[in-house]
Amino acid sequence: MSYCTLAVVGNFTYPSTSTSNPNPKVSISNSTQRRKEFVSLLKNCKDANQILPIHAKIIRTGHDQDPFILFELLRLSSTLSSVNYASTIFQLVHNPNVFLYTALIDGFVSAGSYSDGISLYFQMINRFIVPDKYVITSVLKACGSRFALREGKEVHCQASKLGLSSNRSITMKLMEFYGKCGEFDDARKVFDKMTERDVVASTIMISCFLDHGLVEQAIEVFDRVRVKDTVCWTAMIDGLVRNGEMNMALEMFREMQKGNMRPNEVTIVCVLSACSQLGALELGRWVHSYIGKHHTIELSHFVGGALISMYSRCGDIDEAERIFAMMKERNVITYNLMISGLAMHGKSIQAIEIFRGMIKQGLLPTSVTFVAILNACSHRGLVNLGLEMFHSMSRDYGIPPQIEHYGCIVDLLGRVGHLKEAYNFIQNMEIAPDHVMLGSLLSACKIHGNFELGEQVARILMNHGVVDSGTYVLLANVYASSGKWKEAAQIRAKMKEGGIQKEPGCSSIEVNNEIHEFLLGDLRHPQKEKIYNKLEELNQVLKEAGHIPAIDAVLHDIEDWEKEQALAIHSERLAICYGLISTKPCTTIRVVKNLRVCDDCHSMIKLIAKITGRKIVVRDRKRFHHFENGNCSCGDYW
């Protein structure tokens, strides 16, 4: 039988207080009193184990088929993460009604057992029990989460035949269902049929588009909303962040402020996430001060963790530590963020101390914790401690190492020059290495000049199958470093044939709450003349200070003067020059770069920091470099 043509039939009667009494020895008044007693007891349960003795008493007194008690029993079992127990109870019900079906379907949906929820709904339909708006709403949520398009359309058809498709809650779930399944035409049809397309409906449409990366369509719907509430603004900002549109997200937040719309906790965390990824420290500080002024937003795990992440990733690790110390309650996520932040800034010893403090507090580390602490060991070259931490994962905490943990050990061994040990470690792993891990070893071979092992790793990488643009560039650079220009050219030719583009170096700097981005040799900036004049001035000063360009860093078979020119216009240099001409003397310059800082730029920035008396903080792909008084926090190995 087709569900779409199913006739709405059945002799279902909603339960009332005058339900039949299955036990003739129990009077109706006594049954009603017992019902109230059992429902009250069940509502007061805080733990799944408390349900069992109450359920036993329900059975003994002959109330195990009372629909009111059963409904509460099913609802509570599902709420307390005992959906399997709820399912067992349901199987013993003689004549389940729509409410009991709804209770268990809700339980399945809450537990993430979407297929079970959908199957149970259609079992109900096959028993000719008429669905109501509550069960239809619940099963549509399951269909959307399971991407069950065919089943969801059948539910939509049933709702239409029952005259329920115009119900507001069902309409909302239909839009959400079609949106999750990527059926935007159908979602739009439901949206357009609404007599009142208010901010809630519009927010659902916006979220649907953003979930599938359709930013322009989401903005189109957003712009049409006349009166936007905090949830609508937050959905838009969150979606932009998730789609990598950080600048647009921050601009949207500024517009929200202009409209005197107060953000909530979720908005704040979304904005802090955008600040983290862009390195927008000043805006992040403003958001932090906003939290302090408006006491409606507390320093919860959620907000506190976002602040720690923002300050860590924007270069102010001291403020991140201060936030961590201020937090009254910390969970494992908070500790993970702090350990990871300290590791990024080269504060490995402090990271290890935080880790040990977490263990003393009785918090169990997670897989993420060990990635953070192993990175901390790697940045400091703590081989013995790193290996001990790695082995303790499975030995002491029952956490099997994943590819990320193996990769940290390879990176650690490679950093200190234990290349053969790193290679043997890869050979003896229980899981196959990925191109990131092999690339890490290849990079270490290049840095330490072991081109024989480097070529061996390169051959494995080429046969690996999945290789990204960064790995191709690294392969070409390894060959070029050993003077094998022909092989390097072949790698670049292979990239061209495969249509693989090298990721361009990009550096950004925040000045007066605005993010300025620079590419290699960028000429787009309005103040480009002043920037390049400052660059020329610095180059002259650096030459007088004895700086010799590390032309070996330019791995192309070109003349030396051409290599010097290529080095001079790297994106981080342009960003630093803009920082020097646009900020007050003695203030810290903070730059974010998407790639690794090259050797020549690293040595040049150390000199610039010494000559100008500025502290320069650079965040590259893996870590932070704090340049001050001619030194770098990484100890010249990164």
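Placed from the backbone N, Cα and C atoms, the Cβ positions cover glycine too.
Whatever TrEMBL says is automated annotation, not expert-curated.
Annotated features, as they stand in TrEMBL:
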REPEAT    97-131  repeat 'PPR'
REPEAT    167-201  repeat 'PPR'
REPEAT    229-263  repeat 'PPR'
REPEAT    300-330  repeat 'PPR'
REPEAT    331-365  repeat 'PPR'
REPEAT    468-502  repeat 'PPR'
DOMAIN    546-638  domain 'DYW'
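Same-chain neighbours of the repeat 'PPR' (331-365): 301, 304-305, 308-309, 311-313, 317, 320-321, 324, 371-373, 375-377, 379-380, 382, 385, 397, 399, 619, 622-624, 626, 633-635, counting only residues six or more beyond its ends whose CB sits under 8 Å from a CB of the stretch. Residue counts for the repeat 'PPR' (167-201) under DSSP (helix as H, G, I; strand as E, B; rest coil) come to 26 helix, 0 strand, 9 coil. Using DSSP to sort the residues of the repeat 'PPR' (331-365) gives these counts of helix, strand and coil: 26 helix, 0 strand, 9 coil.
Sorting each residue of the repeat 'PPR' (300-330) by its DSSP state yields 23 helix, 0 strand, 8 coil. Model confidence over the repeat 'PPR' (300-330) stands at 94, taken as the mean pLDDT rounded to a whole number. Secondary structure of the repeat 'PPR' (468-502), assigned with DSSP and counted as helix (H, G, I), strand (E, B) and coil, comes to 26 helix, 0 strand, 9 coil.
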